[in-house]
Protein chains: 2
Amino acid sequence: MINYFSSDFKLGILGGGQLGKMMLYDTRKYDIQTYVLDPNSEAPSRIACDHFEQGDLMDFDTVVNFGRKVDILTFEIEGVNIEALKKLEAEGIKTYPSAATLEKIQNKAIQKEFYTEKNIPTAPFKRYQKIANLIADVESGARSLPFVWKSATGGYDGKGVSVIKEAEDLQKLPNAECIAEEMIPFKNELAVIVARTPSGEVKTYPVVEMEFHPTANQVEYVICPARIENHVAEKARAIAKQVSEAFEHVGLLAIEMFQTENDDILVNEVAPRPHNSGHYSIEASYTNQFEQHIRAILDLPLGNTDSKVGGIMVNLVGDKDYEGEVVYKNIDTIMKMDGVTPHIYGKKITRPFRKMGHVTIVNKDINEARNIAERVKGEIKVISRS
Amino acid sequence: MINYFSSDFKLGILGGGQLGKMMLYDTRKYDIQTYVLDPNSEAPSRIACDHFEQGDLMDFDTVVNFGRKVDILTFEIEGVNIEALKKLEAEGIKTYPSAATLEKIQNKAIQKEFYTEKNIPTAPFKRYQKIANLIADVESGARSLPFVWKSATGGYDGKGVSVIKEAEDLQKLPNAECIAEEMIPFKNELAVIVARTPSGEVKTYPVVEMEFHPTANQVEYVICPARIENHVAEKARAIAKQVSEAFEHVGLLAIEMFQTENDDILVNEVAPRPHNSGHYSIEASYTNQFEQHIRAILDLPLGNTDSKVGGIMVNLVGDKDYEGEVVYKNIDTIMKMDGVTPHIYGKKITRPFRKMGHVTIVNKDINEARNIAERVKGEIKVISRS
């Protein structure tokens, strides 16, 4: 085994946002030397890494030069230059997840075609190189409304996805490659995180459930374990494992899924990195997702993915009416509540709907956790000074 | 409430060793700005803080100049210049724990006299200004052998403490202020961590048990909860609370105690900071000791001190036969075991018995955790490159 701990070994991380920041708790715990590249000099990961560099993740030379300094390269954001990863791999620098895996995921149309090819259940869809082709299909009646439009590239946190209900909605869409997906009525939106090592050891985390606001189309709570029947949970974990193996993925893969009215599981999309749906694991799991990612890419034994207690995650997003220097109003009130831990990502400026942090609520009784989570959501507000 | 999160508020920490390093996980989680002072440019806390300064913690000017840069000052090691803390307090900089509290603790003779004054149960002792006075008492028969000698100052991690069995042992002792303490036969060595805020909110952690090696006089396992009767645990927690209030302590106070053959609890000594006996809390508790210390000194609500699961801590100390660049032999073997998390402090050089890290083992069943802990101890070795 390579000596990763307090040694000359160097781990590179592309991206220095909140996911990178949380990953650094675990590289610090293991005293693994880290290099971080991010375009923002004020990135949350700028401290706690050993070496921080400011630079463009989509620039070939920047990524290649950065990657040459490290022994293993990983990323916390998918928007990185794939040609640079290929070049580095050719030079013998290990990249986990690999360029080949990322390439299949970065473009949502390619990702969907990959599911079809591998017999992974997913909602029916069609790929369009240009928006004009999609408009033609709608006009000819070949595609009926409503349907889900997804941009092939550049989508993130709900951007690049729209439900198209009327023909005139089509006019607002960018003229880029996209897919049109059948709208599937579903009972639940679920997610499973899978960890896989270069040696092929695989472990899945329990199924989590995204609970949506009853009227606003917005995830309010990520709940672990999902309040679903065992046989559905087992099916979801089995499919997640199948997806990870199909991609020959190394590291963490978060798989978002729909549970249909008939209890079928359809894969929606994946993220090849630690994921918002796994933040609960810091407080609730035997092995949190960030530590697991580090274990996986270093080909160390994977840790126990079970939960010690029930966990619920609430995102802290900037209030829609405020912009400016951030204030976490009533944070002291929520810290009085049982099993409540706020995570503050370290962004100084709040903007409407900006992800500023999250709050985890843990409890042996998941229903009690859910009650406390509702009180948390009712109290805390991400606003700005006066 | 002061806005501590992602703000201009500055927390100063005197000392940048492993305790400081682990505290920084939680200042990062809350995005609290930190300044760290440590004499070692390679200190474990040198990264993950916002500003690191190299300097002598016992030097008056260094500590005063450092302290003037921050709003609240705390420490992770007791060996700091108290006059500097007093000066800073006089200038309006909050110091938690206070100079007055630390002064009562730094000198073990004063600490013991304080217990007597406050009716806190402790082993009978006598204070000696010079070693010659102690020797005279032994020679005159006023003090009978065996007894425990403790240096009044400078003791740490077993240094400055000796069991004196024969008169000739006295010749090895330094000529400094000390105490001689009656040897009390005890069943168990226990510890309780108390958190207390400036507003006076107080919480105690569950009682932990130090399990000693059957022949070598060395703590092998710190076990939470201690395997003792409930009424003894309640008594220990009540006395711990009494000690914290007597000191008017703010922050964390770790109280080491003996459970005598008659189930009396005697206070041995205290540490006014996060403590080795609380490391299990990172994985096992609803609120780990480092987060709790931050909550306490910032006068935020204290978190739940209960455990999610049973926890056992094993220290990783340098093997007696090795010195040089550290290697953690068989770390991959222990990472395969259920609920095992190594913590590597980040010291590049191992030396015999140097504290290099610790391993936490968590399990719903404390007896199963104890079995795994024994396997961990049997496998991992802290050695050096040949």
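We number each residue from 1, going along the chain as drawn.
Keep in mind that glycine also has a Cβ here, set from the backbone N, Cα and C atoms.
Keep in mind that this is a model prediction, so the values were computed, not measured.
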Given that TrEMBL records B:LYS108, B:GLU181, B:GLU182, B:MET183, B:ILE184, B:GLU189, B:ASN268, B:GLU269 as binding ATP, the matching residue among B:LYS150, B:LYS159, B:LYS235, B:LYS241 is B:LYS150
Mind looking up the mean pLDDT for the domain 'ATP-grasp' (B:112-298) in the predicted model? 94
Spatial neighbours of B:GLU269 (ATP binding site) that are distant in sequence (at least 6 apart) but have CB under 8 A: B:LYS108, B:GLN111, B:GLU256
Between all pairs in B:LYS108, B:LYS150, B:GLU181, B:GLU182, B:MET183, B:ILE184, B:GLU189, B:ASN268, B:GLU269 (listed as ATP binders), what's the biggest Cα distance, rounded to the nearest Å? 19
